[in-house]
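Colleague: This is the structure I have questions about; it appears just below.
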Amino acid sequence: MIRSKKIMGAFLIVLLALVLTACSTTRSSSDSGGAASSDKKDKDINIAVNQDFTTLDPHNVSDTLSISATHAIYEGLVGFDKDMKIQPVLATDYKISDDGLTYTFHLRKNVKFQDGSSFNAEAVKANFDRIQSSKDALIASHYLQYLKSVKIVDDHTIQLILNQPFSAMLNKLTMVEMISPKALKDQGDKIGMHPVGTGPFEFVKWNQGESLILKKNPNYWDKGYPKVDQITYKSVPENGSRVDMLKTGEADFIYPLPEQSVQALKTQNDITVDQTTSNIVRYVTLNTNKKPFNDKKVRQAMNYALDKNAYIKVVKSGFGSELDSTMAPSTQFYSKQKVYNYDLSKAKELMKEAGYAKGFTAEIWGDTDSATMKGMQFIQQQMARINIKLKIKAMEQGTLSDAINTPKSPDDAKVQMWYVSWSPSSGDADGATRGLFSSAAFPPNGSNTAYYKNGEVDKLIDKANQTTDVEKQKSMYATIQKDIYNDAPWLFLGVDTNLSAHVNKLKGVYVLPDGSIQVKEAELQ
Amino acid sequence: MKKYIVKRILGIIPLLFVVSFLIFLFIHLVPGDPARLIAGKDADLQQINAIKHQLHLDEPLYKQYIDYMNNLFHGNLGESIKSKVPVSELIGERIVPSLELSLLSIAWAMVIGVLIGIISAIFKNRWPDNIGMITAVSGISLPNFWLGLVMIQIFSVKLGLLPTGGIETWKGYLMPSIALGAGIMAMIARFTRSSLVQTLKEDFIRTGRSRGYSGLTIVFGHALRSSLIPVVTVAGLQFGFLLGGSIVVETVFSFPGMGRLLINSIQMRDYPVVQAELMLFSFEFILVNLIVDLLYGFLNPKIRYD
Amino acid sequence: MSETMTVSKQQIASKRGTLSTFWHDFRQRKVAFISFLFFVLLVILAVIGPYIVPFNPQTPDYNHVLQGMSQKHWAGTDEYGRDVLSRLIAGTRISLGIGISSVLIGAMAGTILGLVSGYFGKWVDKTIMRICDVLFAFPDILLAIGIVAILGPGLKNVIFAVAFFSVPSFARMVRGKTLEVKEMLFIEAEKSIGAKTNRIIFRHIFPETIPIIIVYLTMQVGTAILAAASLSFLGLGASPSSPDWGAMLSMSRDYIGTAFNLVFFPGLAIFLTVLSLNNLGDGLRDILDPKIKD
């Protein structure tokens, strides 16, 4: 009798657990979404993305996805249009002095932050002060390394004074967005969780790892925008699931759309696939400081041995173009080079000349992303044709970055080949060159993992930066690209095509060449 | 009894100490530099060092450990080094969905598992047993991410019945709970079966039979009761595991639980979050172990505590 | 002298008897027996697989990528135009190899720890069991991720990682059995005639634990194969280009909406293998575990 009571007790516990589940499930469905996503209204849109947002602090953001979100909430003095051309945003116009040292901005009037405080010269200065006083600890301080001081001329005019001319300054300023000084004061470090800007959308709720909800900023200065009431970004890491969400109507826009799913979506009448140019370049660095990659002939042979068409067909499912320079066509000062056309006999010839007719073995490194692993396998198959046996080493990102950056000197470096990509986040030639090819950028100081060193290129990189003459810069960058392409410190693979897809009734959401999603013009029909 | 409980609870404290130390060591042994990962690809060394300094990552390891323990004693789990959100808040947001999913998974796994177990035990070595056991064992033999992917294709894409992921409605819990519970269901079914088979051979059952009680009365009235012990153990231990979340299943279903928080934090080398989450897992697990042990005695008074 | 002779003859006779009863019992259990046959088939495939594949599992054919099932390619071709069936067959060796070798390593370490722990008791036992508790408290897959992250990727490290987390369960189980056996009379007898500890542990206690180890081993191999597949899913598997089933599954999962066969077949291979191992384990346990035996 007593025992059966105890068993009853045990069952009661289980029952209680069940009831708890039931209660908590209903509760969470009714309030965690709140007025937000659970009951989607006519003018609300859902965007499925592949990662979680990391922060909403525009001065401390480094990943493209989070930049997409900060672009919706915040604005800078200048910004990019669809083609990555610089346009005034919170400034109405700007002037650069002849010596390239003083930038004068006239600020847009009658602009208010989402918390009601006004946008003026004072606010701009507060933002620059925040970044500079962080002593390098904020990511944006990297963009302002040549900024000497900020001067308030009047309530709506501000001057930035540099300590040396810097040709990419305007590009970098697109990454410096304006936070409400009042919010900065109230929130301090926590601004990344409670963002307040001037942008078309204001912050509602961020469920870490699940969704980010933004709503229309009713007092937005650009009248007529935004045209939708609410945007919900959902983090969906699994590639196939994002596509499925579009099919089931759970998402109105998805990015990135995996290349291999395009075909499957073409048959759906209510879905449109968008292709936009990208400035993401794909390549494999060859450690030019190490045998046998120190031999230019070997590096060129490897480039000749690579079937770029097959690369685009197999790895990119037909989307993308071959990389015919060190940067993408949409990047500033791009200049097309004569490509290493697929030519197996020439490749073998060069290998023979270099004394590697029998080939060699090497390791290729990359992260654990499925697209990277796919690409590495392709390279492995291609290089086998000129007797180069590659061992694929896929490493988790943190481990990989450690393996690459731990060596203090080029001779300690273990990296031989690294399958990787790059996109200059501010679209400028400097961002696509200095960190990758300057000999000052050897790890751990930068991303020159090819350990490429060319005195002439080094000199030109510095010179181009400090010139204010656009034509001169253009010709300098042309030389830089020609020299590097000829030296072949990389296996030049391809330039991505940004693929996204949306339901037909949604218009105005698009992906910039750097991979960030623009939502200002979003509209439902 | 009371003395035993107190003793067991006190025993947890040194264990937690060891665990905290191991976790700290483990995290710092794994290569990777949070400052570099935060700084992004454009950063130079100077900036990375500045971030390191700001996060106190340039201090000697023992000092970081002392700081960490000191904070822990003051009930402060620190804040995420990436988003600057307090760790307690981050975990708080994730633990609720994880708990709900765990309860749901364990609940259906218990019901179905015990049922299959009973049927299999009654019809031991006959076809209902074979079918029951193959069904159950299938659950433990499926790669759960594969099960998840296939279910999405069927129930979301083809039939349009369930959302592919997320937890906006209760429907979002269904497929993840199936993917997670399948293995546990299998375990419970097997344990129920073997435990029941064993009990049915025991003396008091034979006595019952000789007294003319019907088979079902014996199974439900007597045997099941004592067979429940190992089942409770298994369910309890599995519940402990479940609470930790499942990295794989949560990824497939975009489920905002503890597993994805963990894997994202590991990827970013967000030390405070990883530390706190691992500590929580261990604590949870130790606690569940303790409760299971105590339940043992509760269900079977024959077991004595000394 | 003659007396001891007869005793040992009897022992041999009874042992042979156990074996044939075992075989008899085993064949009675149809599910387990079929599973056993399937497993034997797998082992044969693992040995001869690379020699009987219809196509080279590694040679790409960019002109025939992502083909569906056909007479030529029974299970279709993958994103590089490689024959999926050939890869599945060739992959048997790797997938089974990872499963079996990691569990054997784990079982060996776990058994030694369990024997030592159970036999010596006291602080030795406490220490070992506390360590096991700590290891248990970590989710398996997490331990594996950590180990692969620390040691770097590659087949060997994956095996080691999977082996590592099967240690504590073997240790616990063997310890339990050891405690049981230790109390049995003949061990006491051996002790009283002054037998060495080593001898007692390995000659007398260890054989008693073998049945339970075999049962557990069988089931753990399945778990290990699944764990290795999960590691592949997270990108931490052996090598993306090797045809092991986990790698095939995880590499092809982006194609689930377009080329279902690519995802389906490796998953099926894993499922059937693990299922047969588990059923085999269940059958063996029914026979070998005297508590359940009729």
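In case you wondered, yes, glycine gets a Cβ from its N, Cα and C as well.
As annotated in TrEMBL:
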- B:95-292: domain 'ABC transmembrane type-1' (DOMAIN)
- B:12-30: transmembrane segment (TRANSMEM)
- B:103-123: transmembrane segment (TRANSMEM)
- B:144-161: transmembrane segment (TRANSMEM)
- B:173-192: transmembrane segment (TRANSMEM)
- B:278-299: transmembrane segment (TRANSMEM)
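Can you walk me through where each of these features ends up in the structure?
Modeller: With a threshold of 8 Å between CB atoms, the same-chain residues lying at least 6 positions outside the transmembrane segment (B:12-30) that come near it are 61, 64-65, 68-69, 72, 266, 269, 271, 274-275, 278-279, 282-283, 286-287, 290.
Below 8 angstroms of C-beta separation, residues 129, 132-133, 135-136, 173, 176-178, 180-182, 184-193, 195-197, 200, 215, 219, 224, 231, 235, 238-239, 242 of the same chain, each at least six residues beyond the ends of the transmembrane segment (B:103-123), sit close to that stretch.
Same-chain residues lying 6 or more positions outside the transmembrane segment (B:144-161) and placing a CB less than 8 Å from one of its CB atoms are 175-176, 178-180, 182-183, 246, 248-249, 251-253.
Here the transmembrane segment (B:173-192) has Cβ contacts under 8 Å with residues 100-102, 104-106, 108-110, 112-114, 116-118, 120-121, 132-133, 135-142, 144-145, 147-148, 151-152, 155, 162, 167, 227, 230-231, 234-235, 238, 242, 246, 249-250, 252-253, 255 of the same chain, all six or more residues outside its ends.
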Colleague: Six or more residues beyond either end and a Cβ under 8 Å away: which residues meet both conditions relative to the transmembrane segment (B:278-299)?
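Modeller: Residues 1, 5, 8-9, 12, 15-16, 19-20, 23, 26-27, 72, 91, 228-229, 232-233, 236-237, 239-241, 243-244, 262, 305 contact the transmembrane segment (B:278-299) from elsewhere in the chain.
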